[in-house]
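Chemist: Dropping a structure here in structure tokens format, bear with me for questions.
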Amino acid sequence: MSVFIDKNTKVMVQGITGSTALFHTKQMLDYGTQIVAGVTPGKGGQVVEGVPVYNTVEEAKNETGANVSVVYVPAPFAADSIIEAADADLDMVICITEHIPVVDMVKVKRYLQGRKTRLVGPNCPGVITADECKIGIMPGYIHKKGHVGVVSRSGTLTYEAVHQLTEEGIGQTTAVGIGGDPVNGTNFIDVLKAFNEDSETKAVVMIGEIGGTAEEEAAQWIKENMNKPVVGFIGGQTAPPGKRMGHAGAIISGGKGTASEKIKTLNDCGVETADTPSEIGTTLIDAAKKAGIYEELLTIKK
């Protein structure tokens, strides 16, 4: 089991003929992801990396049965691409694109209400179910199958956490990058809920950062609902107020969204936190030992 995607997921790439999309399409195919279609308006009929290109999402879905799309479309046009995927009733859209205007995302979020399409991102590394399906830009080789779910606002910190776990012999079920923008499609609680219901996931690593209140809300949800150990890390502990730290959503404003507030709330709700990125793996190991599941998590033969 896994969450959101698995080896049977059929993927289309929106914006497939762009250089970034082409590079990552090849990487995803090499990983074993079933990429069945690409979409670039006006380029229908072409074949790139062995993948047929269509003019519209609707056409690509009808011809290939694709149920998930990944968006590598430039920021000015990305919101329209997400809406087109939702109109075609895809199960999920994973948007990698950064710098989409906030007002565009507000419109997209409103448009998706009441529809079945789940949006992950934007400005995210994607979603990967280890050894089965990689959709996005993450390095595939560090992910190994196991029992730890990872959810994160940061791409590179996800890779750091996963690499540490793999080095310790601890595999993962699915890693979900929810993205660093202030308005996104899937939040921490959505992913935690999925991990909580997934029989294969035995523990969770949650990586947040300064800005907003998503981590505090997730902490409260964990306290009330989660029946598996969760450990956390919050990026931006030395960030000054009012300065954006990399991501559009990573900003302390109005005295809210500080790392210390988030860490305190997580700790109060029973979530152990790592002080530095390099301690994420050992923090999970400590929590797993306390919960008596450490041996179960050792799925990688060294």
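Going from the start of the chain as shown, residues are counted 1 onward.
Heads up, the Cβ atoms here are built off N, Cα and C, so glycines get one too.
Checked Swiss-Prot, it gives:
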- Thr17, Gly18, Ser19, Thr20, Lys43, Ile96, Thr97, Glu98: CoA binding site (BINDING)
- Tyr159: substrate binding site (BINDING)
- His247: active site, tele-phosphohistidine intermediate (ACT_SITE)
Chemist: Name the residue among the binding-site residues Thr17, Ser19, Thr20, Thr97 whose Cβ has the smallest number of other Cβ atoms within 10 Å.
Modeler: Ser19
Chemist: Let me check the 10 A CB neighbour count of Tyr159 (substrate binding site). How many other CB atoms are there?
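Modeler: Summing over all protein chains shown, Tyr159 (substrate binding site) has 19 other Cβ atoms within 10 Å.
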Chemist: Using a 10 Å radius around each Cβ and counting other Cβ atoms from all shown chains, which of the recorded positions Lys43, His247 yields the largest count?
Modeler: His247
